[in-house]
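Colleague: Dropping the structure in here first, questions after.
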């Protein structure tokens with residue numbers, strides 16, 4: 001497996017489905033990188049007997065027996081700057097509402113083969129896939145680009161610390177509260193914290209693009225490889241009530257992927273506030289107050305403590321998550337709702353909870369936290385199990401060991417929302433901003 005025409009081992013690019021649904025017959029899956037010309041491409045689970053009778057995958061060039069060959073069945077490959085493949089699902093007898101698959105990964109000739117089962121339309125189907133040690137593609141940037149990781153991380157930490165000093169100065173004082181919506185608060189502290197953070201970023205990187213919760217997009221997108229995602233006060237409602245679950249969150253993207261992050265969490269309570277600082281850089285690990293952190297090793301949902309969140313839009317997505325909250329409360333040690341996405345993800349990275357999910361998030365909610373989880377050894381995807389990017393509007397982060405068990409319940413619920421026309425992909429991306437997504 002994975003041999004070139006001359007018989008020597010070469011890189012094996014393993015391609016497996018991210019997700020598919022009979023209701024969404026055309027979807028794009030990205031390969032990790034183009035395979036060398038001599039490499040075989042393997043899709044073992046596309047053997048027909050793994051699918052119910054009447055279900056087929058159609059299109060142009062397809063992968064069979066590990067080699068790219070012309071065919072009118074299975075999966076088509078199209079190579080461009082980012083190689084992708086498209087497929088269509090035809091099922092005459094059984095509606096496949098959601099059969100989740102791992103996304104495309106890069107492996108080698110000794111990649112492991114796993115056998116997995118997923119529920120679909122009330123039945124289970126076995127799926128074989130050739131996978132590398134890590135089943136999910138990286139969320140973080142491959143590098144921090146032309147800027148050294150230490151330099152980028154130093155400014156990220158300084159910016160978050162500066163914002164946190166503004167918040168700490170205000171935390172025991174009367175708040176001037178305004179409203180973005182009926183229940184969506186904003187305080188002077190949000191605005192003052194963002195201004196302080198912006199000053200640090202602009203002092204060091206005048207040409208970087210900035211996306212702030214309060215100020216929106218600042219800078220010229222067409223000339224920027226870097227974009228800063230700033231939440232100057234994540235958990236404003238908690239802050240306004242003196243409830244200890246809020247933070248300052250700063251993440252920087254390199255071509256659309258998280259490269260460095262810092263989150264300053266406020267702990268304690270009125271008259272005894274303190275902070276702890278989380279930081280991470282792509283490939284450099286995750287830390288809390290300077291100490292390396294790692295996700296938990298829990299392998300059973302029934303032994304896990306979970307976290308979720310609810311946005312301000314009380315729509316079908318909100319109602320679906322209420323149902324998921326009830327469902328997981330019954331089968332786990334409990335589900336918490338703390339009200340600050342960056343804090344929730346840092347707690348997963350710290351290993352004190354096993355997973356967190358939420359619909360309707362924004363880039364500034366996620367840019368720092370997802371990198372923290374990944375660098376602590378966890379897994380990050382969208383809530384349908386698909387490839388995550390910070391411009392999407394749903395996220396599931398976990399310790400990795402529970403990810404597939406959680407997706408067996410969260411994935412189908414998310415697919416039903418998509419069938420209703422609710423789209424969680426690419427909520428926002430600045431026009432002309434360069435990305436490697």
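The chain as shown is numbered from 1 upward.
Glycine is no exception: its Cβ is also placed from the backbone N, Cα and C atoms.
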Colleague: Which of 194, 199, 213, 265 does TrEMBL put in the same Mg(2+) site as 231, 233, 234, 365?
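Modeller: It is 213, as the record lists it for that site.
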Colleague: Inside 10 Å of the Cβ of residue 234 (Mg(2+) binding site), count up the other Cβ atoms and send me the figure.
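Modeller: Within a 10 Å radius of the Cβ of residue 234 (Mg(2+) binding site) lie 27 other Cβ atoms.
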Colleague: Which residue, out of the binding-site residues 213, 231, 365, shows the minimum number of other Cβ atoms inside 10 Å of its Cβ in this structure?
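Modeller: Relative to the other binding-site residues in 213, 231, 365, 213 has the fewest Cβ atoms within 10 Å.
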Colleague: Near residue 233 (Mg(2+) binding site), which residues of its own chain have a C-beta under 8 A away, given they sit six or more steps off in sequence?
Modeller: 163, 167, 187, 189, 190, 193, 239, 246, 247, 248
Colleague: If you take the centroid of the Cβ atoms of 213, 231, 233, 234, 365, the listed Mg(2+) site, which other residues of that chain have their Cβ within 8 Å of it?
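Modeller: Here the nearby residues are 230, 232, 235, 236, 247, 248, 249, 340, 341, 342, 364.
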